[in-house]
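Novice: Pulled these from TrEMBL:
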- 1-444: domain 'UvrD-like helicase ATP-binding' (DOMAIN)
- Ala19, Ser20, Ala21, Gly22, Thr23, Gly24, Lys25, Thr26: ATP binding site (BINDING)
- 473-742: domain 'UvrD-like helicase C-terminal' (DOMAIN)
Amino acid sequence: MQKFNLSENKLEGTNLIEASAGTGKTYTITGLFLRLILEKHLSVDQILVVTFTQAATEELKDRIRTRLRDALDAFSKGQSEDNVLNTLIQKADNLKSGIRRIEQAIRDFDEAAIFTIHGFCKRMLHDNAFESGSLFDSELVADQENLKREIVEDFWRKHFYNESRMFINYILDKKITPEKLLAFLGNKIAHPDLKIIPQPDMPDAAEEENQYKACFGPAQDAWSSVKTEIRNIFDTDKGLNRSTYNKKKSIPKWFPSMDDYMAMGNNNPVSFKEFERFTSSGLQKATNKNHTAPVHPFFDLCEALKDKQEKLTKIFEQRLLRLKIELFQYVKDELRKRKEIRNILSFDDLLFNLQRAIQKGGEPLKENIRNRFRAALIDEFQDTDVIQYDIFKSLFDTKDNILFLIGDPKQAIYGFRGADIFAYMNAAAHAEFRHTLGENWRSEPCLISAVNTIFEHSDNAFVYNEINFNRVGAAKKPDPVFLKHKGESEPPLQLWFVNAGTGKPMTKGQAEKLISNAVAAEISRLLDRNNEISLGEARLREGDIAVLVRQHREAKLMQKALMAYKIPSVLHSDSNIFDSHEALEMERVLAGIVQPNSERFLRRALATDMMGVSGEELDEMTKDETQWEEWLVRFREYHDIWNKSGFIQMFRQVISKQDILPRLMALPDGERRNTNLLHLAEILHQTAVEKKLGMAWLVKWLSEQRDTETRDTDIPGAEQYQLRLESDDNAVKLVTIHKSKGLEYSVVFCPFIYGGSKISNKSKSFLFHDENDDRKLTLDMGSEDTEKNQVFAERELLAENLRLLYVAMTRAKNRCYLVWGRFNTAETSAPAYLFHHPDAAEDIVSATADKFKSLDDANILADLKAIQDKSDRTISLSEMPDEPGEPYSRTWSGDKLGCPKFQSKIHRDFRVSSFSSLTSGRTHGAELADHDAQAIHYDYADSEDTRVQEDLLNIFSFPKGPRPGTFMHEIFEHLDFTETDMSVVKDMIEEKLIAYDFDLKWRDTIYDMIQKTLSVNLDETCKDFKLSQIRNEDRLNELEFYFSLNRISPKRLKQIFEKYAVGDFSEDFPSYIEQLDFASVKGFMRGFVDMIFQFQGKFYLVDWKSNFLGPGAEDYNQATMLQAMKENFYILQYHIYTLALHRYLFARHPGYSYEEDFGGVYYIFLRGTEPNRPDLGIYRDRPPEPLINELCKNLIGPLTR
């Protein structure tokens, strides 16, 4: 492979350029683009440039446009500091002609054909619709997961509903569900040529099922009569191994399991785990030497049953396997059909459709595209797949077209997205010209040399012969930047050895803890100003450092370690936003808003960090109902805003009123939390709009996304769900290796590089490229060649792990840290292969594991020292430091900053007040519809009578507190007092009981309470004045009012009530007023009146009270109620309500007179009403007009019409 000369290499044929990390791949592409314009006289729309992400597309556009402008400047001056441009100037026959071509390219650049692979395919299908057979108006959808789910569910109904009960029980035991099948499919159907092995026929299980049932019957019949004998044998037999047949720990658990198994009947083919202990063979295995295994006919029955069960299980496994294979084809066929019917396309369809159009007699299509694009530059080609390569090869691998395939197979790490390194290998083998870029422009020369040493240490560093490691040199940069310690350079590759310290390898958990702490301490040391670590002329800063990891879990571990040293960090990974803690909290808060009447959901919402209510505060709310009622009403308000104005309006209100963002920002990872929260809100708003989801459905959708089995996993659609980067200014970067590709950092730590290459034994299926079938992508689901195929699959995993290590190390510009040691999960990792030279073998992964397991710490250290010795002092080997570092402290330069101090006083006496705020001493908060929020509930816990009553279903034993109070209020708010159909009322009661999470057993109790309340005379002197006579049109429920409020204080209120002291409260109520503790206020008064009704020309005010005053009706007499009215300030409350109604009627009711038109106030204590005792449960009053006028004068001002 020859080094590519950007200025001189011919522009013809099919060219493969292997661009190692940092060797100027993008610079090369921009140079090729420029040469094609100058030398081949192509216009910008005749040069196709393809890359693999939208971000890379935008970057390429910007870089190419900049290169054209630089070239125009150089050609105009006749010289340049850029060697390539200088050469092009010297080669040019006519500079003016070159200038004209470059100018034309810049003018036409908006027509440049720079696409993602999907964008290219879409444009070609659209622009050649006739030749390709494409529809013009197809809708492109990013997410087809819901359609796949629909198809899988149809398959489930079509195939599983008709299966035998025994097979259904088998798959249910295996936890096979439509969601599990959908997860099993994953993105495998994106590979149209996927080979699946084995391909078994669908076996008939009827005979095996009958045989199983025939064996099960006798065992089931015998069990109940023999289990005592069996237990005796198990307990007393002297030959049984008691570590297995343990009398205390094991045997007592087996017998209930056998009871359950036998009770489930002969349609259950799955026994319990320890069933073998009851079989003859199982007993024989557990019998000590020189003893005879116990015998019993039941053991033989179980042995036979076990044999039939194993045979049946094999048949069922084959049936399930066959169904899964059929599922693949069914989903592929149905996806195509249903998308055609709905006229939609996925991103993958763009590739499939263009390939199919090219293959099926597509010569006119191919000619159109070839004539349009005379040259094609394919970026990041190592991430191609079979379909993409076939498209480019078919279109541009001709004598008249120019094709450049540019990439680096050593950086092919996106196999999980469908990239196929074997497609690259195939392309490389067929390329007419193969080149490499030989100079690294990114890293320090010594670091380049160190990386060369590491990967040249192995004869075949990347496992496959087709992927070679070619040594690269250091480019001569005009202004190189070096990392130095007190002005001196240090070896740029730091190799830390972790001494296991014992005979056994160090566990993964131990290693992670030690390594994360050591890395954090080293970063603290590097950033310490006293250590004089410089980067060029500047001090090394937090943002210059990156820690690269494989998994999000490792990043969180590092973030925690950095927090301990007070080092700011920012997490940048491929993790899904729905896996975050904030997604869980968002779901809980939204569920509380959707169901504000549910105490359970509200408590879960309040317990989140978002809402900031502590456990102690939640406990306090059970005692102080004012606080609880405030939250109830607040969440109802959020519910109403969401219902009326949509999700985003509600969310803005919540984060503003609850101070969520400042609260989260105060936490150690506050910036991360706020970033996640706002990202989630954006996604939820978009989803609600696009999918037209209401409140409950949006919460359900969020819950599904949090479940990895039900979330939308389609890659193009899921990109928006990746965690966003919080502000990364002056913060250490925590980045997954996959996310870091294409990026660079001054200092890179690679702490957890020991990921293994073994396929889990739990994996029932795996993908691999079949070396015996032209490396065709194959899914092995349990073939006869599983072990051999697993060798292929694990080799691929090892090769990818090596590529990941290469990508991680080559992100560093100045220094790289590697950590290695004898860890118990590292035997099949990339360093184990690279550092310790396993013998060549077909099963290279097992050979690597065997070699590593044979090494002790001294051997490992010796192998690492051999690498160091070959590095010409560019690699430093040392034991990983274990000294704790000093907490990091940022040092700020420049003038000391401060903020001006506010000296004035802010007067906060103008506000919206309410009865609740006046009586609770609060100065702000939600203004509440008062549902007994402040009620003092008398404690009768020591009363024997109360304990008896609590066991009965009556209104006195009905739960107490804010939720029951709100429930009762809503009952009467929605109740038609004149309704005579008992079933209608009971249905409404059931609906409300369910809504408020109460047991339906209370239905008749609530109905009885309603009937009593509606039947009692409101006026003791009038027998025909009952609520049952009040029609819906004669009442208003939950009437909200506002009125302007002049300055008022407890002292002034006391004076007013003393002046007009009349009625039962005249003696001492003013002293209660004196206890109020609120500052003098003005502004507005706001409140809610439970009900106002009109009867025989008069207006009445009603307030429902659910207060528990005692366990019997007699406890709700006038004296007890009066005491409750005073202690809870209800007397002040109904005077405020009366004043509001008085003002309203004065303004709205012509000829209104308080004396003639206002009837009075009824406070109805719902637990104490009795139809024949109007003196119980109803507190009545009609405030005197002079008092109301005095209150009006002082609180509002004179009334005028």
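Note: Cβ is positioned from N, Cα and C throughout, glycine not excepted.
Automated prediction, rather than curation, is the source of TrEMBL annotations.
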Novice: Mean pLDDT across the domain 'UvrD-like helicase C-terminal' (473-742), rounded to an integer, is what?
Specialist: 87
Novice: Sort Ala19 (ATP binding site) into helix, strand or coil using the DSSP assignment.
Specialist: strand
Novice: So which other residues, same chain and not among Ala19, Ser20, Ala21, Gly22, Thr23, Gly24, Lys25, Thr26, have a Cβ within 8 Å of the centroid of the Cβ atoms at the ATP site?
Specialist: Thr28, Asp408, Leu437, Asn440, Trp441, Arg442
Novice: If one looks at the chain holding Lys25 (ATP binding site), which residues at least 6 apart in sequence have a CB under 8 angstroms from its CB?
Specialist: Ile17, Ala19, Asp379, Ile406, Gly407, Asp408, Leu437
Novice: Just to be sure I understand the packing, how many Cβ atoms besides its own are within 10 Å of the Cβ of Gly24 (ATP binding site)?
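Specialist: Result for Gly24 (ATP binding site): 18 other Cβ atoms within 10 Å.
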Novice: Specify the secondary structure state of Gly24 (ATP binding site) as given by DSSP, simplified to three classes.
Specialist: coil
Novice: Around the C-beta of Thr26 (ATP binding site), how many further C-beta atoms are within 10 angstroms, looking at every protein chain?
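Specialist: Total other Cβ atoms inside 10 Å, all chains included: 18.
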Novice: Report, as a single number, how many Cβ atoms besides its own are within 10 Å of the Cβ of Ala21 (ATP binding site).
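Specialist: Total other Cβ atoms inside 10 Å, all chains included: 23.
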